[in-house]
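Engineer: Sending over a structure as structure tokens; questions will come in a sec.
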Amino acid sequence: MAAFSGCASPLSTTLRSGLAPFTLRHRLRLRRLRASAATLREVCAGRVPEHVLQRAEEVGYVVPTEVQEQSLPVLLSGQDCILHAQTGSGKTLAYLLSVFSAIDFGRSSVQALVVVPTRELGMQVTKVARILAAKACTVMALLDGGMLRRQKSWVKAEPPAIIVATVASLCQMIEKRAFSLQSMRVLVIDEVDFIFGSSKQVSSLRKILTSYSAASSRQTIFASASIPQHNRFVHDCVQHKWTKTDVVHVHVNPVQPMPSHLQHKYAICSKKERLHVLLSLLEKDAPKSGIIFVAEQSEKSKKAGHPPSTTVVVEFLRTTYMGSLEVLLLEEDMNFNARATSFTEVKGKGFLLVSTDIASRGFDLPQTSHIYNFDLPKTAIDYLHRAGRTGREPFSKLACSVTTLITEDEHFVLQRFQNELKFHCEELPVESMFAFNL
């Protein structure tokens, strides 16, 4: 199921301003394309360079996903677009194909920016972009503050066609006049709701959207699995001049944001019992690979000198877990090299990754069969993104599960998540299922 809305939407203020709606002609064109197109090549219809399409086919991108079928006609026409579809649906490939269709491979200038909220997501986007580019153009990653001085000289000497950057690194380079955005044709903001929801990043993002370049001179693409109050967001995009007035909202699967094949479970236990319950779950489930999500350490806890919960969980599992999976740590306070090492180590083999929510956005670890919420997510959207790390292609047909550990007082919060995201959560009877004495 897919829904399309132009910026005109139901808002009367938008209609009065004379903004163009997403017309019937566009809808019919998309329907015809969906009915007839069998391959990604046919969807792209000659608007993506041949060498990029060939490379995409070589690595397995042959049949388009639903979001690619629905969005590529809009993206490849050069229109501003809000890509709104669940995690693992193919948004990254969709916007990268649009980027490659827009840039001039023979020109030495920055022509496309992809802005990401985390370095890990940036690493993944950069990898896909470089695979597709196949050395036909330069793709530079600005993801680590410690490397920016060296990269500043590189980007001045030979400007890359595409830059993938975190908000902070990008703003730092722009303010140092490391490169010009005069030639920029495409601006992509990935996980846009996450960046707008981050007090550390939102002001810098607004600068990127309005101060450093103008919406009228570029194609703007927003991507996310979750955009709360999306009609309002579309209106704000136009009102604040983040996009042009004919921005198109492509919303795939709006009714069922949670992948339907996932099993959701929960166990009620005290916080003191939580580590042992987690251990018993791991022994019982025997996951192929798993991610254990733990809450960020509070400032109060830091000031008190307490170790982060991630460290506590990792140390506990390394001394008690007897399974074959390697226990690894990933958290925001780790330096770039340590985080990159952890991310590289989990690729292609069995693992238990203990992480904060940094791993919930854009992480592509398809072998993940089990998610464990050691701490309850703050919002339903956070639950959705954590759950989206499992059940991904080509493993989506496997029995994948999300298990949340909660106290009695947190039960109502989990029920609220179920109502909002429309999924059912089965209770695990802790006392009868686990062998240890609680």
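Cβ from N, Cα, C; glycine included.
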Engineer: Please find, within the list 41-69, 70-98, 302-330, the residue stretch that Swiss-Prot describes as motif 'Q motif'.
Structural biologist: 41-69
Engineer: Among 10-13, 174-177, 190-193, 230-233, find the range that Swiss-Prot records as motif 'DEAD box'.
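Structural biologist: Result: 190-193 is the stretch Swiss-Prot calls motif 'DEAD box'.
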Engineer: Per DSSP, what is the residue count of the motif 'DEAD box' (190-193) in each of helix, strand and coil?
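Structural biologist: Counts, helix then strand then coil: 2 helix, 1 strand, 1 coil.
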Engineer: Let me know the DSSP-derived helix, strand or coil state of T87 (ATP binding site), please.
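Structural biologist: In three-state terms, T87 (ATP binding site) counts as coil.
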Engineer: Other than A85, Q86, T87, G88, S89, G90, K91, T92, which residues of the same chain sit close to ATP? List them in sequence order, counting a residue when its Cβ is within 8 Å of the Cβ centroid of the site.
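Structural biologist: Other same-chain residues near the ATP site: T65, V67, A225.
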Engineer: If I take every residue in the motif 'Q motif' (41-69) and average their pLDDT values, what number comes out?
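Structural biologist: For the motif 'Q motif' (41-69), the model's average pLDDT rounds to 92.
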